[in-house]
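Chemist: Before I ask anything, here is the structure I am working with.
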2 protein chains.
Amino acid sequence: MVTFKRLLLGRPLKSTELGEQKLNKKKALAILSSDALSSVAYGPEQILLVLITVGTAAFWYSLPIAAGVLILLLALILSYRQIIFAYPQGGGAYVVSKTNLGTYAGLVSGGSLLVDYILTVAVSVSAGTDAITSAFPALHEHTVAISIAFVVFITILNLRGVTESASILAYPVYLFVLALFIMIGVGLYNAVTGGVHGTVHVPLSTPMAGISLFLLLRAFASGSSALTGVEAISNAIPNFKAPAPNNASKTLIAMGILLAILFAGIVLLAYSYGIVPKAEETVVSQIAEMTFGRSFMYYFIQGTTALILILAANTGYSAFPLLAVNLAKDKFIPRMFTVRGDRLGYSNGIISLGILSILLIVAFKGQTEQLIPLYAVGVFIPFTLAQTGMMLKWLREKPEGWLPKLVINTIGAVICLVVTLMFFVTKFAQVWPVLVFLPCIVLLFHRIKKHYVAVGDQLRLTTCEPNVPIEGNVIVLPVSGITHVVEHSVDYAKSLKPDQIIAVYIPFERDEEAAFEKKWNQWRPDVRLVTLHSPYRSIIHPLSKFIDTVQRKANEAHYQVTVIIPQFIPKKGWHHLLHNQTSLMIRAYLLYRKDVIVTTVPYHLKK
Amino acid sequence: MVTFKRLLLGRPLKSTELGEQKLNKKKALAILSSDALSSVAYGPEQILLVLITVGTAAFWYSLPIAAGVLILLLALILSYRQIIFAYPQGGGAYVVSKTNLGTYAGLVSGGSLLVDYILTVAVSVSAGTDAITSAFPALHEHTVAISIAFVVFITILNLRGVTESASILAYPVYLFVLALFIMIGVGLYNAVTGGVHGTVHVPLSTPMAGISLFLLLRAFASGSSALTGVEAISNAIPNFKAPAPNNASKTLIAMGILLAILFAGIVLLAYSYGIVPKAEETVVSQIAEMTFGRSFMYYFIQGTTALILILAANTGYSAFPLLAVNLAKDKFIPRMFTVRGDRLGYSNGIISLGILSILLIVAFKGQTEQLIPLYAVGVFIPFTLAQTGMMLKWLREKPEGWLPKLVINTIGAVICLVVTLMFFVTKFAQVWPVLVFLPCIVLLFHRIKKHYVAVGDQLRLTTCEPNVPIEGNVIVLPVSGITHVVEHSVDYAKSLKPDQIIAVYIPFERDEEAAFEKKWNQWRPDVRLVTLHSPYRSIIHPLSKFIDTVQRKANEAHYQVTVIIPQFIPKKGWHHLLHNQTSLMIRAYLLYRKDVIVTTVPYHLKK
């Protein structure tokens, strides 16, 4: 078992080795931006899909809409850069909202991001699997199994530690960026030199009759879904090498530039080539085919796209555990999320994320596309709250040069709010669950916090009632016969020199009673025996009633009652089935129902 | 929970109420013969199905074959009557084979009957459900669910107690017998008065070319499958009112007579009416239709037939738990099968039978017909062994009038052996699993017995090594901080006045170490504190190593080591998730891996 765990995860790491587990900028960019970068594979298409409802003549609007998305991206990047420096301990939108807007806003941000990272993993792994099963239709019936295998693989990689997963996952990310750069470069050269003629080509600024502001905003909101994942870096600052905030900020800017170039390039090419979105072929695939034909480059672009869709899941694995640590430190989720595993990752967070996303994949049978709007709105709610929080921060603190900062965050907040509202207005049918689960999550967070606070109060020496002093001990010893095990328990009880030892025997038949008393008194006349006839053949009920009586008397004298229970430890696992587990049942019953101390005397069977 | 159990099973019964739970002959006949009687619904058909392979002209052979089956029935009834008086404590074939032929023969009998009762339940419930879904085709897709519901219903009825299930189940059994009696009476009258003319009518003793002895024996073996269930009464003697053996014997004879009349009547009618077996209609249904048309009586016969097929399962419920008690008393299966439940039934046997037969039904998706030959051979193996055992008994003991008894058992043994061999020769493809699972079961029985014997030796005061005297106590007290709970544990440890108390603190960081030691020494300078720095963030490993060291020293001085572990008991179930369960993990590890006593100090959270 231990060897298998070693093989899977590698040797355990000392706490002092934490520094070596930090990320440099190149690796951080790869694993934290895969989610954002992968969205250029579907973001531009989303815009065209809205515009086509009016007609292909409306496609020129994709250019100003893309410009709008780029402005939003710029606002987000600048704004998150400010967040990184203002909150260098990480936690992103959760910490910003909590600090500036109060606990509830923080919990809404934190809860919606937590759910969102689960959705990220499920959605991106399913999308990547779809890309693979489209290429190899024979695999189609195994979609769910393949998706689960990918989640398990990414989970194990992350349990091995953040640097190790970064080393492996960096290659596909950079290959994807390289592939798209080549495509955009060659494609734009072709477009300018007139080497390619698309099917549709609409001159710019053709006025359109059917187009409305509503439609344009809807297209804009859809395109903005390409910006999910931008917040990941601000959550994961503690994973960066020192100086963490500087490195995180530089990484964020690099990601922004890459994202802007790829997004703008694809929109521009789609427009120049006059590409019309098709159900059976993605926009990127069409562009790649028109640029290179079905050559090696085409397949290279398709392959790296499929890979990065799957790896986008990894961003969730980097951000979720760190967000969970922040929530757990504030006692809103179970404490176990703050514990580092053998390889210094927050393994409980990683494992929970893996399990929850597998459950989502299974529940939706691998068809998670309908979750995309939900996922986008789950990002833009914390975006809006974080920007608003930053606005308030600048207004409140007014540090040097606060006005441009305020302007940036205000623009960001307004755009994010508009996008969020657009999702609710235009896609309410897919987005409404957020209105159900967010209040539930916030309520759950509160109940957990309440419990931890109550426990703390009950444990703290200064706030709790003082302990009653223990002035003596009474030991109750249930016995099932006169055996070696009972002898050992009696010897042990005597060695503790309690004020009283009471052996208890519970016969089911009246006639066993006298016989056993006689045998006992011959064997251990110095230990008092009580027999409790049990006509209904229950052990627990008469024992429980007897202990109540003993305890009532003991309490008066401030005596402590201890019940000593022998337990067989069989040599082989299956032997457990051959024993009645009475001792386990008695122990559990007494601990949960009574206020007695339970001592287990193990008896290790040798054969 | 308790109320629900009451509602389902009724109030618990005292052990002294056992007498009232015994069966009179009328009820016993109903519940113990339902299996045997139900087989007349398919036994005669089985004979015709073999004969039809030669041609309808061979149907007259069904009469001498039926005579053969009746002779076998007579031999079995007389022989089991002798078993009842010779072994009035019940246990049937298992006890007879074990006593006279040795343990292995006993285990083969017991194991094959045990499996057989599970098959009985699965096969008969499935058959009954098939009868229902044939009548109401809309229910067809719910076959498995309906079968499971029936098993659950019969299981609950049996958990409520044997008399109660008998009272409910007696009506359908007697109604079935009544219905068939009327049918046979009216049918034979019609046949004699020439009121009915069948499609085929072959004169008796027409010599046949294609018929062989092999075929006749095969038809005979198939017809003999109607005799499964005859042994049930001999297993269930303890369920009878006193004088149990007399009452059981009378019930057995009554069952034999009923079975003989029904079997002979149906074979005779089928021959007189010239009935040819059809895939879509049973022989009994054809006879009923030719006798009464599609009148009320027809549906009455069909209805009671479906009911008795389901109730045949109940015979398994009466015999399985009692056979299990016998095996468990001999330590071949887990002890829990000897424990009486709240309503004085052997509830573990009843529940196990229910679960196992549900598993079979699910595994075969409700299509358990292919198990019938397996089931028949599983009955005839113990039949043969029991008869042989009785032969040896008479030869060995030679009581007064032993010769006729020997003759009866010898005839029985020879016929049963022939039937068993016929099953292997003619239906090997369906019957071979018995050659796999019987050795496995016998091996399992032996391993269980070996374990219990070894445990007994280790517990008995006379055979085990004497206990090492305990000359002092060392208490190890893992602490996680300075809290109310730790205070209580320290007070408790002190009240036991051990020779040494060692508090153990396990920090993950070096700098926590000194700080905690300082705080502890201010708080409880009289209790020795040991800190164990854990660079790999494990609690169990350093604690385990430390306890090893303590124990080595303690053993030298014959001191006993006790580890005191505080455990939170949260107020609500879901709160468990919020605590790390470290105390449970430590406790399990220490009990299973070390030879230390573990004391759990519960701390009941009030909020």
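Quick reminder: no glycine exception, Cβ is built from N, Cα and C everywhere.
Sequence annotations record features per position, and here TrEMBL assigns transmembrane segment to B:47-80, B:101-123, B:143-161, B:168-189, B:209-230, B:251-276, B:296-325, B:346-366, B:372-394, B:406-425, B:431-448.
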Chemist: Please tell me whether the transmembrane segment (B:346-366) and the transmembrane segment (B:101-123) touch - that is, whether there are at least 3 C-beta pairs under 8 Å between them, with each pair 6 or more apart in sequence.
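Modeler: The transmembrane segment (B:101-123) and the transmembrane segment (B:346-366): touching, yes.
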Chemist: Report yes or no: does the transmembrane segment (B:143-161) come within contact of the transmembrane segment (B:296-325), defined as 3 or more CB pairs under 8 Å with a sequence separation of 6 or more?
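Modeler: Counting Cβ pairs under 8 Å, at least 3, so yes.
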Chemist: State the residues, same chain only, that lie 6 or more residues beyond the ends of the transmembrane segment (B:296-325) and have a CB under 8 A from a CB inside it; answer 'none' if no residue qualifies.
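Modeler: Residues 31-39, 41, 90-92, 94, 110, 113-114, 117-118, 120-121, 124-125, 127-129, 131-132, 135, 150-151, 154-155, 157-158, 162, 165, 169, 172-173, 175-176, 179-180, 182-183, 229, 231-232, 235-236, 238-239, 284-285, 288-289, 333, 337-338, 345-346, 348-350, 352-353, 357 contact the transmembrane segment (B:296-325) from elsewhere in the chain.
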Chemist: Can you tell me which of B:47-80, B:101-123, B:251-276, B:372-394 gets the most C-beta pairs within less than 8 Å of the transmembrane segment (B:431-448)?
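Modeler: That would be B:101-123.
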Chemist: With the transmembrane segment (B:372-394) as the reference, which stretch in B:47-80, B:101-123, B:209-230 has the largest tally of C-beta pairs below 8 Å?
Modeler: B:101-123
Chemist: Give the one range among B:47-80, B:209-230, B:251-276 whose Cβ atoms make the most pairs under 8 Å with those of the transmembrane segment (B:101-123).
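Modeler: Ranked by Cβ pairs under 8 Å, first place goes to B:209-230.
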